[in-house]
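Structure first, commentary second.
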Amino acid sequence: MNQELSTNPFNPVAPVKTFDEIKISLASPERILSWSYGEIKKPETINYRTFKPERDGLFCARIFGPIKDYECLCGKYKRMKYRGVVCEKCGVEVTLQKVRRERMGHIELAAPVAHIWFLKSLPSRIGLMLDMTLRDLERILYFENYVVIEPGLTDLTYGQLMTEEEFLDAQDQYGADAFTANIGAEAIREMLSAIDLEQTAETLREELKEATGELKPKKIIKRLKIVESFLESGNRPEWMILTVLPVIPPELRPLVPLDGGRFATSDLNDLYRRVINRNNRLKRLIELRAPDIIVRNEKRMLQEAVDALFDNGRRGRVITGTNKRPLKSLSDMLKGKQGRFRQNLLGKRVDFSGRSVIVTGPELKLHQCGLPKKMALELFKPFIYSRLEAKGLSSTVKQAKKLVEKERPEVWDILDEVIREHPVLLNRAPTLHRLGIQAFEPILIEGKAIQLHPLVCSAFNADFDGDQMAVHVPLSLEAQLEARVLMMSTNNVLSPANGAPIIVPSQDMVLGLYYTTMERRGMKGEGMAFSSVEEVEHALAAGEVHLHATITARIKQIDEEGNEVVKRYQTTPGRLRLGNLLPLNAKAPFELVNRLLRKKDVQNVIDTVYRYCGQKESVIFCDQIMGMGFREAFKAGISFGKDDMLIPDTKWPIVNEVRDQVKEFEQQYMDGLITQGEKYNKVVDAWSKCSDKVAGEMMAEISAVRYDDAGAEKEPNSVYMMSHSGARGSPAQMKQLGGMRGLMAKPNGEIIETPIISNFKEGLTVLEYFNSTHGARKGLADTALKTANSGYLTRRLVDVAQDCIVRTHDCGTENAITASAAVNEGEVVSPLAERVLGRVAAEDILVPGSDEVIVARGELIDERRADLVDQANVASVRIRSPLTCEAEEGVCAMCYGRDLARGTLVNIGEAVGIIAAQSIGEPGTQLTMRTFHIGGIAQGGQQSFLEASQEGRIEFRNPNLLENANGEQIVMGRNMQLAIIDEAGQERATHKLTYGAKVHVKDGQTVKRATRLFEWDPYTLPIIAEKAGVARFVDLVSGISVREDTDEATGMTQKIVSDWRSTPKGGDLKPEIIIMNPETGDPMRNEAGNPISYPMSVEAILSVEDGQTVRAGDVVARIPREGARTKDITGGLPRVAELFEARRPKDHAIIAENDGYVRFGKDYKNKRRITIEPVDDTLNSVEYMVPKGKHIPVQEGDFVQKGDYIMDGNPAPHDILRILGVEALANYMIDEVQEVYRLQGVKINDKHIEVIVRQMLQKYEILDSGETTLLKGEHVDKAELDEVNQKAMDHGMRPAHAEPILLGITKASLQTRSFISAASFQETTRVLTEASVQGKRDKLVGLKENVIVGRLIPAGTGGATSRVKKIAHDRDQKVIDTRRAEAESAAALAAPTDEVIDLGSEDSGLVETVENREE
């Protein structure tokens, strides 16, 4: 807990100052003077001839201390024995030169000056205190207007502004003494010091009770907050105006002589000099009684000089130095990436480090790295010196140095000793996740490059094309221990992001293993039988059997009981070799490798070995298969030439067929049968299908099995082997080499209609080449942007989650979330077993339909239990989650579940927040940057139908169907679902049916897999007539609300609803189509008895004419999907950022807040009013305003359920939280984020997203303050809220009422309780201004604060030590308290009086000296 500030140089044995928290507040003039060692009167710095500091200047030795250790300026006193003497000649105290880093000075200002932070940092604190606008304040401060401070008996008002003329007139009118008005900072200072804070707070509270309206209470609350914070912190408002200016120690703004008699100086000296010059001039002018106007001008200049010193450029012109460069002010020293916080406090350069290029080291073990001798010698120098001395080879450091410089042979022997079992850390920038720094044991090598083990490359994301890596030496024993136990590469087999092995073979190794495990027909030695592995090896060496021949052989295995048995397998020599490397374990049988191994399979094998055979075995196994992979790939001699790229013969027939199709589409377009947009979509569709087809043909050709004349199977195509094994190259790349390149996208994401038909083997035509430059250039630009964006996202995530640490074992909460399989478009993308793995069950999990418990409550679900859950067909499981954890600080281990990188329950002290942030941010660079627009996806066609993914029985939910004239079933409802139920009655899939879809199956029908269930129009959203009748147009006026589009190419016209609000006459129109009864001429009515009318939205295409007869199920109008677009797919990184920043989408969906019936109210000018009348009478009806012309999918009288969309679009996460609660929000966030990553094939565990969402939900917004001190609309932490409410309840007062709110990650980081952490993140000046006004205390609980003040972080081993210290401290405290109580009771007995006796009762504290075990 306790931290040394610095050792006292004068008294090293004095106890060091310790602290537990840091407080920031305003400094009063007295406080500034108490820091100061003297006033600085002159702007001079140092004498240019003698280089000695000038007296009373900015570097004055008398004020700040001596230049040399223990030596005064004139040289009269030298050496230690005069320590503490003040020289009578030059006035310098004889002491350490170091005091020049800590002694401060001050400048007495001739006129008060406003502190720019409190003036200009919005909202202006001075302005809020005085209830004045910033503009008025500046007018007073910069001497444009007078302000009335004391109106007296005149009819002026307090705080009124007057110009010079008005002021003089008023003086003439009322007399000079009748009222007080003033100008400049003095006036503001007088007003601030006159404020009675308690009185003001009272008045404001009274006003707040009576205030009505929207803005007034907000304004009052703002002022009340600041008044209260001044009251609580003990600051005075007038301290925001400076009368004394502190001067920072000279060593912190150094003046350095350069060669050639010039000086380099810190900008601060320039800024201070300007202030001193102007201040001195002002003093002189006041003494000389100069005219007012001159003095004022000088005061204004002084104010500007001080402003520039504190925050240059915040107000007025930026003050520049000699070379037109803006001067760096005090604020700039703190701000930004180059500021104090991020440059020097959060990251520092360290010694004992080096960097060099990396090369591969395939003969290393997994825990080793090759370190060049020269580097090791330099890095381990002090260790070598001490060993040399210990061995008696050198008596002094100087001698040792000489030996090392000469590189004598004994030095190398000693280096070997020193380096033995001393791990070093290797780091590759960018360190995107914790696996970017790992520990290895160094092996000395010749040469100058670091050797890296090939298996750890994927963790470092390293390759050997010139990458560099840095080496760091952990010095202390503790550091070495942590490096070995926590950071050793052998201890980091699993990835913390998803729990899968990250130490996996890649490239050559995969290819080698693939080749080894191949099986080919008709090879030499096929059908032979062998008795043991050794015999097979023998036969291979003798050339009697081929690596790929099918043979029968015996191999040792372990059965279920754990006995060694010998089993026979049909296999190949290659697979047998691999099986021989497997650790003997019942759970890792030979079947594991008795198959063709691709990259995924190899990862699976490693995972299985790690889970069941332990870490040591798996590390040895990894090393062995790496060696084998390299060896076999080398022996196989796989390589390819241009002839291995096959172009299928069927390519041109396919292409020509599609060309004809495209011609046909063009013709249809010319004839006006389809619109240009439809033509574009169809053409793009056709070409993308063609390109896929050609690729398919090519893959079929290239993967075909071929035989030689003897009937033996030939080796497969080399390119195919590389791609199929997962070593290098993807089908997409092969398609470009041997198929056709396909469609290209323009830089804005649109797709060019003409595809590139050639492939790289044939070569591109000039035109095709030109078309392809688009994509290539965009790719490069994207990559550069992506890296920066991804890094910034990671930084924000880390900042919001940095104080989320596992603090307790179990918080005992009853809350939980429900996990079920993730289904996307009716396809299970992540099964339930995968989602609950490594979580703690919140309730007993039962076999459906029985009482058999699979997993008991509070048990960790491991692989075995997850399999049981899967086999039992459980639909959903209640699991503990960080979201619902109720731990006081951080989260508890039970809610978090398994530590993915270790495979066991998470340890207390694990920094799960940072791990979550890294896991989400690290794959960021793999995500795409672009926002897709529907109508341009280079991957091809729009899906327009859905097939059954499983067999089962169809069940309709909330059916609402209509049969049209052709006998087709059309969906008319908005919340109809279609479910597929299996034999056991378990729901296997549910699909939401869109309005206007055609359903091909009946309720209760049994379907096979791939039966077409329903289809819809992917390009437009239809509006369908419910009943037969005559269509009647209302307010569809040609030229105002309808435009006729004539297609130039085809001459066809379409009637399209245009935006009628933009026309002058169209303000009140409500364009709609009504279905009339042809007999009566009245509108037809629906079941609810309302007239059937269809309001038209902008851009709708009318499909009927006025007065045309329509049948039930006919399409009245079509809305293009672009207009009522299902959603604009923001893809990739921007989507993830949008979700975590909790931004409201542009056209966000409107969600029904409760169950009820839809009513359309009276319309506004260009908004429509929708009201929901709740079923439950106790609730109020809710109104929504929807812009006219937006498509509203609900009708008058429709019943909606809580959480239904009244308007389509992306839902705003805030609404989901408010209406449906935390769990629904969690599910939404997890699904949306996972969808983005899933598209890229990145696996991230859900719990990481939950941790981040938990951090976004920390704050509560006060809805009703009750009788507490909290204010309506204020954001407070849950802990704070509970504390205040508890206090209120104890006193019998009404508690405050609040609801959780969702903050975006940037907002949440800036609102954290620690001001140090917030200031080091963003908007440094604003955070510090706010914190100092409130007198905030930083309790140093998060990681960042502790790093900044230079302590161990309170996580991991640092957390353990601080916990032990706390226990010890508490125990000591108990003993002290008991002793004190004893002493007091003894004193009380000696002098018996009535009051004191009951102190003795506290004696019971003595018993509990053994610390509480829970700590």
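Including glycine, each Cβ sits where the backbone N, Cα and C put it.
Record features, source Swiss-Prot:
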type: BINDING; residues: Cys72, Cys74, Cys87, Cys90; note: Zn(2+) 1 binding site
type: BINDING; residues: Asp463, Asp465, Asp467; note: Mg(2+) binding site
type: BINDING; residues: Cys811, Cys885, Cys892, Cys895; note: Zn(2+) 2 binding site
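Of the candidate binding-site residues, Cys72, Cys74, Cys90, the one lying closest to Cys892 (Zn(2+) 2 binding site) when CA atoms are compared is Cys72. In the three-state DSSP assignment, the secondary structure recorded for Cys892 (Zn(2+) 2 binding site) is strand. Rounded to a whole number, the distance between the Cα atoms of Cys885 (Zn(2+) 2 binding site) and Cys74 (Zn(2+) 1 binding site) is 68 Å. Summary of the Zn(2+) 1 site environment: with the site residues Cys72, Cys74, Cys87, Cys90 set aside, the chain residues having Cβ atoms within 8 Å of the Cβ mean position are Leu73, Gly75, Lys76, Tyr77, Glu88, Lys89, Gly91, Val92.
DSSP classifies Cys885 (Zn(2+) 2 binding site) as coil under the three-state reduction. Comparing CA positions across the binding-site residues Asp463, Asp465, Asp467, Cys811, Cys885, the one lying closest to Cys72 (Zn(2+) 1 binding site) turns out to be Asp467. Taking only the Cα positions, the spacing between Cys895 (Zn(2+) 2 binding site) and Asp465 (Mg(2+) binding site) is 44 angstrom. Within 10 Å of the C-beta atom of Asp465 (Mg(2+) binding site) sit 6 other C-beta atoms, taking all shown protein chains into account.
The residues near the Zn(2+) 2 site, meaning same-chain residues not in Cys811, Cys885, Cys892, Cys895 whose C-beta sits within 8 angstroms of the mean position of the site's C-beta atoms, are Thr808, Asp810, Thr813, Arg880, Pro882, Thr884, Glu886, Ala887, Val891, Ala893, Met894, Tyr896, in sequence order. Among the binding-site residues listed (Asp463, Asp467, Cys885), Asp467 has its Cα nearest to the Cα of Cys87 (Zn(2+) 1 binding site). Distance between Cα atoms for Asp467 (Mg(2+) binding site) and Cys90 (Zn(2+) 1 binding site): 58 Å, as a whole number. Apart from the site residues Asp463, Asp465, Asp467, the chain places the Cβ of Ile358, Ala462, Phe464, Gly466 no farther than 8 Å from the centroid of the site's Cβ atoms, the recorded Mg(2+) location.
Reported as a whole number, the C-alpha separation between Cys811 (Zn(2+) 2 binding site) and Asp463 (Mg(2+) binding site) equals 45 Å. Annotation for the binding-site residues Asp463, Asp467: lowest Cβ count within 10 Å of the residue's own Cβ, Asp463. Long-range Cβ contacts of Cys885 (Zn(2+) 2 binding site) within its own chain (separation 6+, distance under 8 Å): Cys811, Thr813, Val891, Cys892, Cys895, Tyr896, Arg1254. Long-range neighbours of Cys90 (Zn(2+) 1 binding site) (same chain, six or more residues apart, CB within less than 8 Å of its CB): Arg55, Ala61, Arg62, Cys72, Leu73, Cys74, Lys76.
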